[in-house]
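Undergrad: Feature annotation from TrEMBL assigns transmembrane segment to 40-68, 80-100, 140-165. Annotation comment: TrEMBL describes 88-219 as domain 'Fatty acid hydroxylase'. TrEMBL lists 245-267 with the feature region 'Disordered'. Taken from TrEMBL, the feature compositional bias 'Polar residues' covers 256-267.
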Amino acid sequence: MDIFGIKALLICALIFIPFEHLFAERPQKILRDGFAVDVIYLLFNSFIVKAAVVLMAAGVLGLAAMLVPQSITQAVGGQPVWLQVAEIILITDLGVYWAHRAFHKIPALWKFHAIHHGIKELDWLGAFHSHPVDIIVTKAISLMPVFFLGFSEASIAIFSIIYFWHTMLVHSNIRISFGPLKWLIASPQFHRWHHANQREAYDKNFAGQLPFLDVMFGTYNATGDKVPEKYGVDDPVPSTYFGQVGYPLQPRRQRSNPTASSTEAEG
Ligand SMILES: [Zn+2]
Ligand SMILES: [Zn+2]
């Protein structure tokens with residue numbers, strides 16, 4: 001049994017590491033700072049998140065069976081799988097967008113999300129570097145409607161695989177141009193400019209997969225080919241896994257990152 005997903009880790013590493021070497025956006029060591037902590041995120045943190053999502057799904061599916069008329073779930077689950085997958089991506093990314101924006105805007109939530117922004121060198125493995133509360137709340141908000149509406153198991157499974165690989169790709173240290181598709185599909189360049197620790201990047205590019213949501217809601221940051229100067233946050237985020245998990249619960253200190261306290265028109 002591979003409950004911690006060690007096989008998945010090896011497959012992802014075998015695919016991403018050579019690409020990050022061949023098409024590096026910036027020179028970076030494979031065993032960069034924080035690599036070991038991120039392996040804990042990938043194996044242990046992801047395990048906690050998976051368990052929470054399975055429990056949540058079971059609860060929501062039970063509730064949905066009682067509350068949602070069968071005529072709706074049968075109509076939704078009876079559509080072609082490709083159409084269901086497209087609808088799931090749109091529905092979940094609307095949830096991701098607004099949950100993400102709330103995590104930036106509300107100071108108590110920002111302390112959880114600051115962990116993800118603590119990444120100083122972006123790569124595929126950094127995709128897993130998030131506080132469990134951050135991921136579980138975001139997944140609850142974004143997946144709840146999907147479970148309620150009765151999308152088929154096959155379409156949810158295909159969506160999960162697409163999401164898993166897409167989230168690693170947008171965090172990867174790969175220089176790749178999406179051309180005109182950059183409006184439709186989130187690219188590494190799009191998400192890099194969410195992680196940049198620079199004024200023009202604060203509270204921009206919240207979408208997980210669909211950049212046009214940021215265009216629609218006024219938070220899109222068009223950067224062309226520009227490379228961010230630096231990533232990370234100014235908040236005093238600890239360097240160990242358990243230090244990071246406990247960080248949001250610590251007594252309030254002076255916040256130094258302007259992201260959460262920004263007074264700019266962000267809504
Ligand atoms: Zn963020
Ligand atoms: Zn990220």
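Even glycines carry a Cβ here, placed using N, Cα and C.
Just so you know, TrEMBL annotations never went through curation; they're auto-generated.
I'd like to know what surrounds each of these features in this structure.
TA: Sequence-distant contacts of the transmembrane segment (80-100) (same chain, at least 6 residues past either end, Cβ-Cβ under 8 Å): 113, 137-138, 141-146, 149, 151-152, 154-156, 158-159, 162-163, 206-210, 213-214, 217.
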Undergrad: When you scan the chain for residues with a C-beta under 8 Å from the transmembrane segment (140-165), skipping those not six or more beyond its ends, what do you find?
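TA: Contacts of the transmembrane segment (140-165) (Cβ under 8 Å, skipping residues fewer than 6 from its ends): 53, 56-57, 60-61, 63-64, 67-68, 72-74, 76-77, 81, 84-85, 87-89, 91-96, 98-99, 208-209.
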